[in-house]
Every structure is written in structure tokens, then in C-alpha cells.
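Trainee: Pasting in a structure now, in C-alpha cells, and then I'll have a few things to ask.
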Amino acid sequence: MTDTERNSLIQKALQARDMAYAPYSHFKVGAAVLTGSGTIYGGCNVENNSYGASLCAERNAIGTAIAAGEKKIYALAVAGSSDTYTTPCGICRQVMTEFNIQEVFCVRTEDDYLVRTGEELLPCAFFEKSLL
């Protein structure tokens, strides 16, 4: 990934965070994915008063990319509205394994982020081969 791609990915996640609908938790999250075509897709969390019906930013970004016809996702950035590094929830981590997303940027600010691999975020993940 180039510096320009990384910076654009992080910027898209920060912009998506501003679009989040979080009237219950007030915890806004934005995410962005870099795809095989080089296109970056964003997504934000969308809460519901029945919390289980809420949508995470990461899965929104992944779903948007897949709906646009993308087949490969190289990296994901996630930015929350707290002072700490926001990491994907467990469900999002499992979804990320489906698309073999290996580079994950946990963003605080444009210049302050952690980089983790999919394996670091979800060791012993459940894969298709686990079904056999």
C-alpha cells in the first residue's frame, strides 16, 4: 500500500465517522476499505433502539464494496469517537476473515493510528475449512 492510499483510507474513515447515526450510545464510528481495484469505500455505524439491529461501520464499508462488485479487500481503517484506538468488534473481525483483510488501521487521528493484522485481531478465527 502506498502512503497516498493509506492516507486516503484513513481520511475516508474519519469522514465516514462524521456521518454516523448514533443517537443512543453517541459513539460514532467510521470505516473505510481499500479494494483490489484501488477504490476506497466508506461506511459508518447506524444504531437502532434495538441494539442488535444496529449496523457496524466496518461491515457497512465491506458490504458497500461487495455491492459495488469488488472481490478483493486489502485493508480496512476504523475510526471511533473516543480518545482511544477503536478496534473492530468480534463480529466485524469474523467478517473480515471472510475477505482475508490483513491490514487494519485503528485510527485516533489522521497521524495517530495502530496497524494490526487480521490474525492479531482474531487469532484462531473460524474459517471455511473449519466447516469440514
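Each Cβ is built from the backbone N, Cα and C atoms, and glycine gets one as well.
Copied straight from TrEMBL:
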type	residues	note
DOMAIN	4-129	domain 'CMP/dCMP-type deaminase'
BINDING	N45, V46, E47, N48, N49, S50, Y51	substrate binding site
BINDING	C56, C89, C92	Zn(2+) binding site
ACT_SITE	E58	active site, proton donor
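Looking at the shown structure, can you explain where the listed features end up?
Mentor: The secondary structure of E47 (substrate binding site), as reduced to three states from DSSP, is coil rather than helix or strand. Counting every protein chain shown, 20 other Cβ atoms lie within 10 Å of the Cβ of E47 (substrate binding site).
Here the Cβ of C56 (Zn(2+) binding site) has 21 other Cβ atoms within 10 Å, regardless of which shown protein chain they belong to.
Secondary structure at E58 (active site, proton donor), as computed by DSSP, is helix. The Cβ of E58 (active site, proton donor) lies under 8 Å from the Cβ of V29, A31, G43, L76, V78, P88, C89, C92, V95, M96, each of these being in the same chain and 6 or more residues away along the sequence.
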Trainee: Tell me, how many other CB atoms lie within 10 A of the CB of Y51 (substrate binding site), whichever protein chain they belong to?
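Mentor: Other Cβ atoms within 10 Å of Y51 (substrate binding site): 9.
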Trainee: In the domain 'CMP/dCMP-type deaminase' (4-129), how many residues does DSSP call helix, how many strand, and how many coil?
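Mentor: Helix (H, G, I), strand (E, B), coil: 44 helix, 35 strand, 47 coil.
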Trainee: If you count other C-beta atoms within 10 angstroms, which of the binding-site residues N45, N48, N49, S50 is the most crowded?
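Mentor: Result for the most crowded candidate: N45.
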Trainee: Report the mean pLDDT of the predicted model across the domain 'CMP/dCMP-type deaminase' (4-129), rounded to a whole number.
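Mentor: Mean per-residue confidence for the domain 'CMP/dCMP-type deaminase' (4-129): 96 out of 100.
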Trainee: What subset of the binding-site residues N48, N49, S50 lies within 10 angstroms of C56 (Zn(2+) binding site), using C-alpha positions?
Mentor: none
